[in-house]
Amino acid sequence: MNPSEMQRKAPPRRRRHRNRAPLTHKMNKMVTSEEQMKLPSTKKAEPPTWAQLKKLTQLATKYLENTKVTQTPESMLLAALMIVSMVVSLPMPAGAAAANYTYWAYVPFPPLIRAVTWMDNPIEVYVNDSVWVPGPTDDHCPAKPEEEGMMINISIGYRYPPICLGRAPGCLMPAVQNWLVEVPTVSPISRFTYHMVSGMSLRPRVNYLQDFSYQRSFKFRPKGKPCPKEIPKESKNTEVLVWEECVANSAVILQNNEFGTIIDWAPRGQFYHNCSGQTQSCPSAQVSPAVDSDLTESLDKHKHKKLQSFYPWEWGEKGISTPRPKIISPVSGPEHPELWRLTVASHHIRIWSGNQTLETRDRKPFYTVDLNSSVTVPLQSCIKPPYMLVVGNIVIKPDSQTITCENCRLLTCIDSTFNWQHRILLVRAREGVWIPVSMDRPWETSPSIHTLTEVLKGVLNRSKRFIFTLIAVIMGLIAVTATAAVAGVALHSSVQSVNFVNDWQKNSTRLWNSQSSIDQKLANQINDLRQTVIWMGDRLMSLEHRFQLQCDWNTSDFSITPQIYNESEHHWDMVRRHLQGREDNLTLDISKLKEQIFEASKAHLNLVPGTEAIAGVADGLANLNPVTWVKTIGSTTIINLILILVCLFCLLLVCRCTQQLRRDSDHRERAMMTMAVLSKRKGGNVGKSKRDQIVTVSV
């Protein structure tokens, strides 16, 4: 191998670090303490408020008074820092940063709505004119005109068929209906004088119950006065229409499809041919159609009606009664007479007057009904909170039991400007919902128990050190607990999820309360009192729920119950369906959940508030006793003897040290006395005094 090859295979030389100063400098800066990491539960603190600083100053002053320390600016600052340090230095258990406590919460009157169904009780609908339309009256609606017509998108569920009006599947169709009264006349050519009212009503599909016999249909017949067999006679005041509820001989079907079967037992008056006693063929069918192609045109354009026939005209299904629809399938619900007051106000009503005359044509009697109209009456119907009207392109899906509507409007009143190209859905505010709420601490029934528990954790975790700290600062456990309680409440930061629910529910509470305020000018009216009673009934139901529940101390507008949320038992899809208002087999079983929550609340009610916390404090104070520490160590006789010998040895050692210190003190005292005597002599005796001092000290 030649030298050149040996040189190529030689290992490379190591580079020398000429300047090691930077490394040394970095080594000097290295520390072994743990780096302060930002935990997930760490929150950005807000600047202290004036009230917090004032309270902190009061606590510091009280602490200095208890410890009998002079109040100076320095001592006040140190006391305040100690109080803050005491509050923020409470130990956090392992894994508490990632802990997540989820409980069931009851939120009353959330910002949610649900559809009014055929199984709900009738609602109050107010009209502005009780002369032509029966029912409660209120001519001061709407209460907030500036809020009428607000846009909204809805997607809600339902259990029973919802109440909907309009030309759409699942909604009751509108139609024109007539109500007629007659006044007998003595004229030889005029049989009767008629007064008739035409207005928007509910459209019948068939005249009689479909798929039901007469006998079977009678079981759905409501209790009430049967309609008269004669046409009601006009009262003396021709400007007043007397309404009298009655039950017709047969019912009409308003709806019979997959959404349910809805019937009405109110009379549906129309003109018929009276064929009794006629020998020739007599068409007994009704003449005036029950349904017009254009509803508004039939009420606006046609101001004259003339019916002619060789057979006498008779008004069928007599009676002046309003429609009262009710559902009979798949469930049976109550009557809803209030729906007609909404439809009749969607267009003005028309007032007719006329008569039936008798003539002779071709030697046969000829009957003519002549009706004319020149008077219309505009109407307005309104509902009051918690009820509202959703107007727009409403779509009801029976398969999924959902109702959707995009770009709809929220209204409380309907008048003659309404367009029947839209649909009307009755909705109301939700009385309350059950939702899971997460917190970063366990459920507590009162703030005192929460604070005592946290302080006691810190005391017991550092009991042996904390006892000497208490002795050093001359501060008792009661003072520490009181200080931590007040300062902890002042510096407390709520959980974000609870804050979200709180703000969510607080805004809706303000909204419903503002809408439900009763006008002082109408406070004496009986209708407002009735609506207030309905509203107060919902409030009482909510209060009844809250009185039965044991709630967490840190919430006021809604109730966090002690029932832990079990995701495996109630998955979030069930909660979502509950929020949407759907009640099917997959929806949250509210009745079962209420039973579980009430049982959990009763279990917490059996405990006297504060008893458990006070018992914990007593146990904590017992653990602070040093004698208990010795007892735990000295559990055998041999160890006890050893401890006694150690104590005697320590006592003997203390006695010997005390005697030695006493001798040294006596020697120093004698020396000082000798020095004092010598200092009084003159200079000639100084040497002697020094020798005497030396002799005295050496003795």
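Each Cβ is built from the backbone N, Cα and C atoms, and glycine gets one as well.
From a predicted model like this one, the values you see are computed outputs, not experimental measurements.
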Correct range for transmembrane segment (source Swiss-Prot, candidates 150-170, 633-653): 633-653
For Asn372 (N-linked glycosylation site), the number of other Cβ atoms found within 10 Å of its own Cβ: 11
Cβ-based isolation winner (fewest other Cβ atoms within 10 Å) among the glycosylation sites Asn128, Asn153, Asn274, Asn355: Asn153
Confidence summary (mean pLDDT) of the topological domain 'Extracellular' (90-632): 70
Cα proximity to Asn128 (N-linked glycosylation site), best match among glycosylation sites Asn153, Asn274, Asn372: Asn372
Distance [Cα-Cα, Å, rounded] between Asn153 (N-linked glycosylation site) and Asn355 (N-linked glycosylation site): 51
DSSP three-state assignment for Asn128 (N-linked glycosylation site): coil
Inter-residue Cα distance where the pair is Asn372 (N-linked glycosylation site) and Asn355 (N-linked glycosylation site), in Å: 10
Pairwise CA distance, Asn274 (N-linked glycosylation site) versus Asn372 (N-linked glycosylation site), rounded so that it is a whole Å: 23
